[in-house]
Each structure stands twice: as structure tokens, then as C-alpha cells.
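Participant: Sharing a structure here in C-alpha cells format.
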Amino acid sequence: MEKLRKDRRVMSTDDESGSKGKQRLDSADMWVEVWSEVEEQWICIDLFKGKLHCVDTIRKNASPGLAYVFAFQDDQSLKDVTARYCANWSSIVRKARVEKAWIDETIAPYLGRRTKRDICEDEQLRRIHTEKPLPKSISEFKDHPLYALERHLLLFQALYPADAPTLGFIRGEPVYSRDCVHLLHSREVWLKSARVVKLGEQPYKIVKRPKWDKFTRTILKEQPLEVFGYWQTQEYEPPTAENGIVPRNAYGNVELFKACMLPKKTVHLRLPGLMRVCKKLNIDCANAVIGFDFHQGGCHATYDGFIVCEEFREVVCAAWEEDQQEQARKEQEKYETRVFGNWKKLIKGLIIRERLKRKYNF
């Protein structure tokens with residue numbers, strides 16, 4: 001039986017270990033960059049082979065599937081220089097990486113102070129890939145950082161200007177610069193960025209999207225939505241409070257998505273319960289809406305403080321302090337009443353217990 005048992009141990013020969021060691025030596029994923037004051041650029045140096053200006057050599061000797069190259073400064077800060085060492089950065093490597101927003105957020109604490117040298121370096125990296133020929137297939141143009149096809153534009157994207165220059169053609173389809181692709185938003189979304197559509201501007205694009213009808217509680221499909229570009233908007237000009245009345249929207253609130261949207265001659269007070277105090281004083285007060293939250297199957301406004309006219313600031317703040325003291329006094333009275341009531345119940349219970357003991361002798 002012992003002879004029939006299979007030996008399932010994993011054995012390693014000298015040849016196998018040698019091949020693995022050789023594989024590790026062949027790939028070099030660490031090198032040095034030195035700033036040249038004469039050439040005003042970073043020079044890569046392969047210390048193991050004693051070579052300068054050896055970008056092609058480093059690309060050849062690096063591990064296959066290289067997707068991230070970070071350069072560490074003397075102050076321990078880092079910079080993403082993958083574009084310098086990956087020839088197919090725009091087409092293949094960029095798509096093999098994680099989402100750009102995630103990687104930017106991850107390395108943000110380790111980024112150094114942006115200098116003039118960094119700006120020149122970024123422009124040089126951009127120029128390296130700009131001078132390369134256009135991609136050969138249509139799929140490579142999708143989400144390309146430099147080029148764009150009209151077929152790949154998203155619902156809220158558009159080319160501007162309308163007669164944007166073409167950089168070339170692929171199968172008869174014009175290729176545009178990614179700089180000509182702009183995001184479009186509705187009037188409501190632009191307002192959240194403290195911008196409003198200019199008077200008389202026509203929508204740059206009309207899209208269709210579903211809309212929830214709260215009256216019939218059904219989804220209305222393919223509802224038209226007018227969207228506009230940044231060039232069609234201007235900075236939001238907040239209204240002015242007059243005669244002690246705070247300017248509001250149609251729902252009786254003040255839209256305060258940005259600090260610059262605060263109506264003129266008003267103040268923003270983050271005092272809980274201020275609305276009740278203002279009603280007692282007969283002073284106009286409005287809720288400040290700072291955004292919207294989606295929960296419980298619908299969109300709900302998010303409030304943060306109240307808006308009152310600046311001439312009433314001292315009055316309402318003093319009244320709020322008095323109200324807080326009065327509320328604290330009432331809470332203390334309620335607490336003491338509850339405490340005394342509990343003691344009263346306890347004493348009554350003890351008296352009844354003592355009477356029962358005397359009466360029934362237990």
C-alpha cells in the first residue's frame with residue numbers, strides 16, 4: 001500500500017530555480033531620473049547597465065504589462081510618469097489601469113507642490129503622444145485622451161465649436177481633438193454650479209431622458225431636456241433683499257449651492273430652531289437649500305441653516321440665545337418633574353408594601 005501511494009509533494013529542480021532567477025534578473029523595474037539643467041528635462045539612467053537616455057532600453061527590459069510608473073522625489077513626493085515609458089499609453093496601457101478618479105484620489109496625499117518644471121514636463125509628455133500617428137482602429141478612439149469620434153460622444157457631451165477642425169479621418173469619419181468635447185448640463189444643474197444660462201440662448205442640444213411623475217407615480221419616458229454648454233452660461237447674480245423680505249425660489253427656499261449665491265443684504269445663520277424664533281418676532285426667514293439627496297424612492301432637499309436680512313442679525317441672534325436658555329430651563333423642569341415623579345411612585349410603593357406586611361403578616 002505504501003508503494004502504491006502517490007507522492008504529491010511539489011519538487012523543485014536546480015534548472016527550475018535557475019530559470020526563475022534568470023527571469024527576475026532580465027526584468028528591471030527600477031531606474032533613476034536626473035534633471036538636466038542644460039537640456040531642461042529629466043534624463044533616465046540605467047545604473048545596472050550604465051546607460052543614459054535609454055528610454056527604449058528600459059521599455060524593453062521592464063516587466064511585461066507595465067501599467068504604472070511612479071517617480072519619487074527627494075522629498076518623498078511622487079509623480080505619475082507612466083506616459084513617458086509606455087509607448088502604447090494612449091491605446092492599451094491607459095485602459096488596463098484602474099479608474100483615473102480612484103488613482104488620483106489615492107496618490108493625492110503624496111503629490112508634491114506643482115512647480116513650473118512640472119508644468120513643462122506635463123506639456124512635454126503630452127507633446128510626445130500628440131506627435132504620434134492617429135490610432136488605426138475605431139475602438140482605440142473610445143475614451144482616448146487626445147482624440148474623439150462623434151459616434152463615441154455620451155448623452156451629455158457635444159463638440160464645440162460646431163465647426164471644430166478635424167485632425168484626420170478614419171474610414172471616412174472625421175477625428176476631432178478631445179479639447180473640443182464639452183459637457184452639457186440643464187439649467188438646474190448649471191445653477192448648482194452658481195451659473196445661469198444667458199438670456200436668449202438656444203439649447204445646444206436636446207436630449208431625452210425618463211422623468212418621474214409624482215402625481216401619477218409613473219415614469220414618463222423620452223421626456224425632452226434642454227442642455228447648454230459652459231460658453232452659454234454666466235455667473236449667477238444673487239438677488240437683493242428689500243424691505244426686510246428674503247428673496248426666495250418658487251418653493252419658498254433660498255438656493256445656496258455655493259457661498260456666492262447668498263442673496264445680497266442677507267446673512268446665513270446656522271442656528272437650529274431659528275425659524276421658530278423668527279416667527280415669534282415676525283421677522284422674515286427662509287431655509288437654505290445646499291443640495292439634494294436621493295432616498296426613500298425620491299429626491300429630497302438638504303437644508304443647512306437659515307437666511308435672514310442682515311439688519312435683523314443681532315436681534316434674531318439675541319432672541320435665539322434667550323430661546324435656547326428658555327428651552328434648557330424647560331428641559332430641566334421636565335427632567336426634575338420626572339425625577340420627583342419617580343421618587344413619589346417609589347415611596348408610595350414602599351408605603352403600600354409596608355401596610356400589606358402589617359395587615360397580612362408576611
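Each residue, glycine too, has its Cβ placed from N, Cα and C.
Keep in mind that what you see is a predicted model, and the values were worked out from it rather than measured.
Residues or ranges marked as domain 'Rad4 beta-hairpin' by TrEMBL: 130-182, 184-239, 246-320. According to TrEMBL, the region 'Disordered' annotation covers 1-22.
I would like each feature placed in context: is it buried or exposed, what are its neighbours, and how far apart are things?
Facilitator: As a summary of secondary structure, the domain 'Rad4 beta-hairpin' (130-182) carries 11 helix, 17 strand, 25 coil according to DSSP.
Summed and averaged per residue, pLDDT over the domain 'Rad4 beta-hairpin' (246-320) gives 92.
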